[in-house]
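Written out below as structure tokens is the structure these notes cover.
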Amino acid sequence: MNSAPIATWEGAKAYFTFADQPAVLMLISALALAACVGVLVSMVRHETDCVKKLPN
Amino acid sequence: MDNAALLAKIEALEASVALTKTVNAEVFYWWCTALMIAIHAGFLAYEMGASRAKNALASGLKNLLAFAFLVPAFYFFGWWIYLAFPTGFSISEASSGGVVWGESMGPNLGDNASGIFWAAFTLFAATTASIMSGAVIERIRMSAFTILAVILGAFVWILGASWGWHPEGWLTSTFGLHDIGAAGCVHMVAGFFTLGVLINLGPRLGRFNADGTVNHISGHNMPMSLIGLMLIVMGFFGFLGGCILYNGGTWMTIYNTPTTLSAFAFNTLMGVAGGMIGSYLVTRDPFWMMSGALIGVISSAPGLDVYYPPLAFLISFIGGCVIPKLADMLLTRFKIDDAVGAVAVHGLGGVWGLLAVGLFAAGYPNVNGPAISFGGQFMSMIVFALLGFLPGFAASYVLKMLGMLRTDPKVELAGLDVAEVPVKAYPEASTIPAFTGGEALSPAE
């Protein structure tokens, strides 16, 4: 996958991966945010499960 | 003011700017080196905490010895190797700068660079030895560990650095290798060297039952391990800062491509966070969560200069999710007793980091060599794996054959502190057999 927005370093500015493809950047950002939210949700479930497993 | 006076003023100004640049560069690497010492403070705390109380000081002593021996070893051999072998095994002319009887290897008013770069590289070298040290705790002989640490830190990794972490290294000029944060030459080489050592060293007594099932061996101080791991993460800001070439004016990667400290700041922090969150998800274990921070740094390290920060986060998140599982597999399936997961975190984390650049950052031009590609990253990864594993296995095999690798089982049962360390970690404690010089109730205690 060629993700480089530059072909030469001469005059390069924003050269990070996919810098010339805003849709891809939005997708990557959405995935990263989804990972954070997903882990938070799983954390809540984990806590709830732990409480259920405790003896009364 | 006449022209002559103006010219003199301009010359004085230029000299002053040049001196400022030189001093800035020196100061930058000076503080990077100081920060890297936090890595060793971190490894010290982390490994002592991961040891049982009966081995706490011996584990720490091992770290201190590695650091102390690596400094002269890297002075005498390491720096010369880095300068000598960028093209493979033929000696480069630039190696004269690392000959210990040369003018560059001591105080020299005409050379502000050699000492400060040597110091930074010496701390990288000590880091490789520390990576190995956690894996082998509680049964390796102190002398064997020190010998192996010197081989790894003053010879093996630096050959890898000369090949793949050097402006003219053949892995870059041939394959277009991109590994600006040293995931290959430092982490992979150290991780695979450690794997070779562990195969010969064998597991701690009591780690496995006769039917192959695993006994959990708890370290005696998890909070100390966690603080140690956080110190390592802090030290990595010195480590990664030291990975940048700074001449007082511009920032460049080790491959002479332009970069900024901002790029490193974005992606280092996002990588740390991704690794921590990923490891938390799969383990819920604070030890692995902080190891996940290291996995995160290592996963993103090769592309810190080019990644879009959320991409660095995702790459590290994936590493943080997968590597703990691979560590478990090494233990349960392959019976490798790596006390802290160093082979997985550093070795396999380095593999993932190198391949991730090939997958997600292909196409960037190199100054000296072809553009970044998956094939180039893959080939370089194979070279680093072999460069680490083969010497680690061979050197530890020789030590094993000489009966020098492993402590006596009696010492291992009683605790290395009782046998080898003249002071006690917790002199007022009396409930643990090792503290009183008695034998443990079972090997896993």
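For all residues, glycine too, the Cβ spot is worked out from N, Cα and C.
If you look up TrEMBL, you'll see B:27-425 marked as domain 'Ammonium transporter AmtB-like'.
Feature annotation from TrEMBL assigns transmembrane segment to B:28-49 (among others).
Sequence-distant contacts of the transmembrane segment (B:61-82), counting only residues of its own chain at least 6 positions beyond either end whose CB sits under 8 Å from a CB of the stretch, comprise 40, 43-44, 47, 95, 98-100, 105, 118, 121-122, 125-126, 129-130, 133, 137, 140, 142, 145-146, 149-150, 153-155, 158-159, 161-162, 166, 420-421. The transmembrane segment annotation in TrEMBL covers B:61-82 (among others).
Per TrEMBL, the feature transmembrane segment maps to B:115-137 (among others).
For B:144-165 (among others), the entry in TrEMBL reads transmembrane segment.
TrEMBL lists B:180-201 (among others) with the feature transmembrane segment.
Residues 20-25, 28-29, 31-49, 120, 123-124, 127, 180-182, 256, 259, 261, 264, 268, 272, 286-287, 290-291, 293-294, 297, 301, 304 of the same chain sit 6 or more residues outside the transmembrane segment (B:226-249) yet have a Cβ under 8 Å from a Cβ within it. Look at TrEMBL and you will find B:226-249 (among others) tagged as transmembrane segment.
If you look up TrEMBL, you'll see B:261-282 (among others) marked as transmembrane segment. If you look at the transmembrane segment (B:261-282), the same-chain residues 6 or more away from its ends with a CB under 8 A from one of its CBs are 233, 236-237, 240-241, 244, 251, 288-297, 299-301, 303-307, 309-310, 312-325.
Annotation source TrEMBL lists transmembrane segment at B:287-304 (among others). Counting same-chain residues at least six beyond the ends of the transmembrane segment (B:287-304), those with a Cβ under 8 angstroms from any Cβ of the stretch are 50, 178-184, 187, 222, 225-226, 229-230, 232-233, 236, 240, 263-264, 267-268, 270-280, 312, 315-320, 323-324, 340-341, 345-346, 349-350, 352-354, 356-357, 360-361, 377.
Annotation comment: TrEMBL describes B:310-327 (among others) as transmembrane segment.
The annotation transmembrane segment is assigned in TrEMBL to B:339-362 (among others).
Marked as transmembrane segment by TrEMBL: B:374-399 (among others). Cβ atoms under 8 Å from those of the transmembrane segment (B:374-399) belong to residues 132, 144, 147-148, 151-152, 155-157, 159-160, 163-164, 171, 174-179, 184-185, 188-197, 199-201, 302, 347, 350-351, 354-355, 357-359, 362, 405 of the same chain, restricted to positions at least 6 beyond its ends.
When each of B:115-137, B:144-165, B:339-362 is checked for Cβ pairs under 8 Å to the transmembrane segment (B:180-201), B:339-362 comes out on top. Same-chain residues lying 6 or more positions outside the transmembrane segment (B:115-137) and placing a CB less than 8 Å from one of its CB atoms are 25-26, 29-30, 32-33, 36-37, 39-40, 43, 46-47, 50-51, 55, 59, 62-63, 66-67, 70-71, 73-75, 78-79, 82, 105, 107, 145, 148-150, 152-154, 156-158, 161, 182, 186-187, 189-191, 193-194, 197-198, 201, 238-239, 242, 338-343, 346, 392.
Here the domain 'Ammonium transporter AmtB-like' (B:27-425) returns a mean pLDDT of 95 for the predicted model.
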